[in-house]
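Straight from TrEMBL, the features:
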type     : residues                       : note
REGION   : 1-28                           : region 'Disordered'
TRANSMEM : 38-56                          : transmembrane segment
BINDING  : 44                             : Na(+) 2 binding site
BINDING  : 46, 47, 51, 272, 304, 421, 425 : Na(+) 1 binding site
TRANSMEM : 68-89                          : transmembrane segment
TRANSMEM : 110-138                        : transmembrane segment
TRANSMEM : 190-209                        : transmembrane segment
TRANSMEM : 221-245                        : transmembrane segment
TRANSMEM : 265-286                        : transmembrane segment
TRANSMEM : 298-319                        : transmembrane segment
TRANSMEM : 410-430                        : transmembrane segment
TRANSMEM : 451-470                        : transmembrane segment
TRANSMEM : 482-505                        : transmembrane segment
TRANSMEM : 526-545                        : transmembrane segment
TRANSMEM : 575-601                        : transmembrane segment
C-alpha cells in the first residue's frame, strides 16, 4: 500500500550544539548556579555607565515627558523584540555569537565575527573609562578633595594660572588626570599613573572573568546590586538638599520643539540594552534548555529602563542642589557689588530682597547699575549647565559633590558605584569575546580557559595603552563615536532579518515553544517580521544622514585659545579622519567577506562534484 509520509516538525530546524566547549579542556558546558545569577549578569551587562551619564542628559535635554514617550515606544517595538531574539537563539543553540549565526546560515558567519570585533574595540576604551574612575576613586580618600582648590604655581607664590582661568574641577580633570595636549596630532607621552590604573583595572577584570560565568557569577551579586544601593543613598540625600525640587522639575519639563528626540530615543534604547554585542547570546547559552527566555527578555528590558529613570531622578536631585548653590553664589557676588557701589549697610540686602532692590536701583540710577557689570543670575541657566559622558561624571557631578557636607565620603560612594557599574558591563564584553573563541576552538583543547582569558585581557591591555597618552582622551572619543554605533545597527538588522527571513519565524517559534512551552504570539511575530527590521533600517538611514551632516571635528582643551576655558573646536586631520572611517566600516566588512568566502567555497565544491561525475577516458 502507498502511504503518505508527513515531514517531521523537527525537520529543517537547527539543532542545539552538542557539548560545545565552554569551560576549556573540552569539558561539559558550564551553567548558571541559579536563575538570579543569570538575570543579574544580563542586567549588569545592560545597565552600564550610559544609564548614569547618557540617559539623564537626554532626558534633561528634551524634557522627561517629551523623551520618555518615544523612548518607551522604541523599547516596545525595537528593544524587547531584538532582546528576545538574542536570548532565545543563544539558549537554543548553546553557543556564542559566531557559532549561532553560522548555524542559522553559513553566509551570516560574518555577523558573529563582527560582533566579536566590536566587543573587542569597545572593551579597549570602556575599561579606560574605568581607569579614570579608579584614579578618581583613589583620590577621593583625601580631605579636602584634590579637585576642590587650585594648586600652587611653580614659584609657589600663587595659584596655577590655568586653574585660575578655568576651575579647580576642570584643572584636575584636564591637567592633573589627563595632562591633555592641545591637539590630537600631538600624542604626548604616556601618563604613568594612568598606565598603572589601567593595569589595575584589567587585573580586576581578569580576576573576575578568569573562569567565565563560574567566577563572574559570584562577583555579579556585588557589582550588579551595589550601584542600586548607592543610587538610593544619593536619592535620599539629594531630595533633602535645597534645589532638589527645582532640579527634578527641570528634568521633567517637556521640550517638544526638537524632532531629533525620536532618533536619540531609539538609539539610546538600542545601546542601553547592549544589543548586537554578542554578550547576551553568550550568557543565554549557559541557560538550561527549558528556561523561559521570553519572560527574561521582558524583565531585563524593563529593569534596565526603570534603572535609567531612577538614576536620572537621583542625579538631578543632586544637580538641582548644585544649580541652586551656584545661583546663590552668583546672587551673593552681585549683592556685594551693589553694597560696595551704593555704600549700603552690610547685610542690608539678602538673596530674597535682591530682585526688588535691583529693580528699584535700575529705575532710579540705571547708569550706575549698568556700569557695575552685574552677572545674569537665572536658576534655569545653572540647571541647563549639564553634560553627558565624562563631562557629567568628572566635572559637573564632582563639582556638585564638593558642595555636599562630607564630600570625600560622597566621592568614594559615587566613583565606587561607577566602577562596579562599568565592571558588570565588562563581564558581558569579555564574555562576548571569550565564549566565541572557546566555541571556535582557537586554542588546543588541553589549554585551560584561564590561559585564554589571560591572553585576551593581556592583548586588550596592550592595545589600550594608546589611551594613556596625553592625546588619549581625544582617541577615546573617536572610538566611542565611530567604533560601535553604525556597526551595531547593521549587525542587529542582520540578526533580525536572519531569524525572520533566513531561518524563518515559524521554525524560530517552534524552537521557542519547545523551550518555554508557549508559542510566541502575534506581537512577537509582527515585530520580528515587519516592525523591528523597518525601524532599524529607518534608524540606520537617519543616523547615517546625521553623521554625514556632522563635521569630523573635536573639542580641544587649549590654554592658548582666545575663549579659554571654553574648548576650541578643531577639524580632525586627514589621517585621523581616515581612522574614523576605518573604525566605522572595519567590523562590518566581516559580513560580505565571510559571505563571499562561503559563496566561493560552495562554487568550488559544486565544480569538484561536477568534475568527479565526468566519465574518464
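Placement of Cβ uses the backbone N, Cα and C atoms for every residue, glycine included.
Excluding the listed site residues 46, 47, 51, 272, 304, 421, 425, the same chain places 43, 44, 45, 48, 49, 50, 273, 274, 307, 308, 424 with Cβ atoms within 8 Å of the centre of the Na(+) 1 site Cβ atoms. For the transmembrane segment (482-505), the partner stretch with the most Cβ pairs below 8 Å, chosen from 221-245, 298-319, 410-430, 526-545, is 526-545. The number of other CB atoms found within 10 A of the CB of residue 425 (Na(+) 1 binding site), across every protein chain shown, is 27. A contact between the transmembrane segment (68-89) and the transmembrane segment (575-601) is absent, since fewer than 3 of their C-beta pairs, 6 or more residues apart, lie under 8 Å. At the 8 Å Cβ threshold, with sequence separation of at least 6, the transmembrane segment (110-138) comes into contact with the transmembrane segment (265-286) through 3 or more pairs. Cβ atoms under 8 Å from those of the transmembrane segment (38-56) belong to residues 32, 87, 126, 129, 213, 216-217, 220-221, 223-225, 227, 251, 268, 271-274, 279-280, 283, 286-287, 296, 299-301, 303-304, 307-309, 311-312, 315-316, 386, 388-390, 392-393, 417-418, 421-422, 424-425, 427-429 of the same chain, restricted to positions at least 6 beyond its ends. A contact between the transmembrane segment (451-470) and the transmembrane segment (265-286) is absent, since fewer than 3 of their C-beta pairs, 6 or more residues apart, lie under 8 Å. Only residues 6 or more beyond the boundaries of the transmembrane segment (298-319), in the same chain, are considered here, and those with a CB under 8 A from a CB of the stretch are 39, 42-43, 46-47, 51-52, 55-56, 59-60, 64, 68, 71-72, 75, 79-80, 83-84, 228, 231-232, 234-235, 237-239, 241, 244, 247-248, 250-251, 269, 272-273, 383, 386, 392, 396-397, 400-401, 404. In summary, the transmembrane segment (221-245) does not lie against the transmembrane segment (526-545): fewer than three C-beta pairs, each 6 or more positions apart in sequence, are under 8 Å. Most Cβ pairs under 8 Å to the transmembrane segment (190-209), among the stretches 265-286, 410-430, 526-545, 575-601, belong to 410-430. Of all the Cβ atoms in the protein chains shown, 24 others lie within 10 Å of the Cβ of residue 304 (Na(+) 1 binding site). Cα spacing between residue 51 (Na(+) 1 binding site) and residue 44 (Na(+) 2 binding site): 11 Å, rounded to the nearest whole number. All protein chains shown were included, and the count of other CB atoms within 10 Å of the CB of residue 47 (Na(+) 1 binding site) stands at 28.
For residue 421 (Na(+) 1 binding site), other Cβ atoms within 10 Å of its Cβ number 27. For residue 421 (Na(+) 1 binding site) paired with residue 44 (Na(+) 2 binding site), the C-alpha to C-alpha distance reads 7 Å.
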